[in-house]
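Notes follow once the structure below has been shown.
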Amino acid sequence: MRLRLRLLALLLLLLAPPARAPKPSAQDVSLGVDWLTRYGYLPPPHPAQAQLQSPEKLRDAIKVMQRFAGLPETGRMDPGTVATMRKPRCSLPDVLGVAGLVRRRRRYALSGSVWKKRTLTWRVRSFPQSSQLSQETVRVLMSYALMAWGMESGLTFHEVDSPQGQEPDILIDFARAFHQDSYPFDGLGGTLAHAFFPGEHPISGDTHFDDEETWTFGSKDGEGTDLFAVAVHEFGHALGLGHSSAPNSIMRPFYQGPVGDPDKYRLSQDDRDGLQQLYGKAPQTPYDKPTRKPLAPPPQPPASPTHSPSFPIPDRCEGNFDAIANIRGETFFFKGPWFWRLQPSGQLVSPRPARLHRFWEGLPAQVRVVQAAYARHRDGRILLFSGPQFWVFQDRQLEGGARPLTELGLPPGEEVDAVFSWPQNGKTYLVRGRQYWRYDEAAARPDPGYPRDLSLWEGAPPSPDDVTVSNAGDTYFFKGAHYWRFPKNSIKTEPDAPQPMGPNWLDCPAPSSGPRAPRPPKATPVSETCDCQCELNQAAGRWPAPIPLLLLPLLVGGVASR
């Protein structure tokens, strides 16, 4: 225990961001240590190794993880890194470790073990207990997932019935929690599945899926986890491939969403290169495709509230969203009882929206609109706001009941237009109309001296639909069909703002040429001029007019008072 506390203290001191950015919380650092150790970036902590752990090695571990995930290589537990660590992913470690990854040039990784035969057998022994997918659909999806690898190599796969004296090479199970191997599942979200590399051990090649996930295929609303995409990834492990950092690789450790029609799916070049390094190229003869087609479950009629009419599916390209939030690296767009999800890659999970109450389990049925949402930095909880109340979720599960906005420092009966956590100072901002409040999550209390005028964010539109911060640290204000970008560390919008939201965020056609959205008025000093200047300086490091550098220490003490 003492060793762990010393390691946490060392990480807090060495991996903290510069003074202008918020320091990582102890909980985030603990998550980072556990995550980096679990997935192979740090050795397991014990006395002999902890004494040899250097600041450079700790930073290297985080940088390699960031490189693997396609993040800026800061070497710090910044918000984007923490959000990525909280994303659903494969259970297996990113096996090569720091030294191998630093030297590595190719993206794919090989486990060092292969099957010594070219014809492999497989069987699904147990099926998901509470899935919309039939057992036949699950078997067909597994067949197509294996075919994706067989088409690019000299491997063939045969499904076998119940064992007659010998188990198949690849035995597939849907299991929960501890299930007699070294990789227990953790319930909904988190780790999704794992598979074992080839070998002579009875468990070699076996593939396990977390039965507490909501497994789907062909989902029209983006709900659940696509079984085919995860199966293709795990079978890559079962054939001897490790994780890849290539952007388009199915072997990336993080879940990337559906990959399309199984009959048309093809591996990326990086995945083909890794597979053919192990088994050679596919023969010229056509691959024997499965004769069955995977069928999505029949569409279920949407459940309508008892005393209200059904809501038509809105057009995402019209903008005018009720709320927009960055939740664990994905951007959520809320509109009425619907929402869309944008992956970190910039791709929509689905062009069709998901239903609010099917996803956020426990949200009261009478809540038909989410006015604001954000992920709380200190513990990863997700807060949804509607009217003068908010609800707290752990992943998709509601914790407790409705809570009043007065807990966050707002007057009784007040509502919010936007809520966001600003990484430059770790504070939470609550916007209503032309003013905003600020809340200190670490101290669990509202900051004094608020509300303040929103014009201090120079160029921001009044009454925004919402405000969110990207994984890169830029702040975005949204209103109508446009957005205003504030570069990292700045509270002054870019000169070309506003920009159309649809083509840049939601895969919509560019708007026809016409009048631009009106630009908000330029910020003007409020009655307390000094207070206004402090706001501008402490957030962005920029001043309305040149000020001698020697005066800066006298005028501002840092971002904490923003």
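The backbone N, Cα and C atoms fix where each Cβ goes, and this holds for glycine too.
Annotated features in Swiss-Prot:
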- Glu234: active site (ACT_SITE)
- 295-304: compositional bias 'Pro residues' (COMPBIAS)
- Ala539: GPI-anchor amidated alanine (LIPID)
- 278-313: region 'Disordered' (REGION)
- 490-526: region 'Disordered' (REGION)
- 314-363: repeat 'Hemopexin 1' (REPEAT)
- 88-95: motif 'Cysteine switch' (MOTIF)
- 1-21: signal peptide (SIGNAL)
Packing count at Glu234 (active site) (other Cβ atoms within 10 Å of its Cβ): 28
Reported mean pLDDT - the motif 'Cysteine switch' (88-95): 74
Secondary structure tally of the repeat 'Hemopexin 1' (314-363) (DSSP, helix then strand then coil): 7 helix, 20 strand, 23 coil
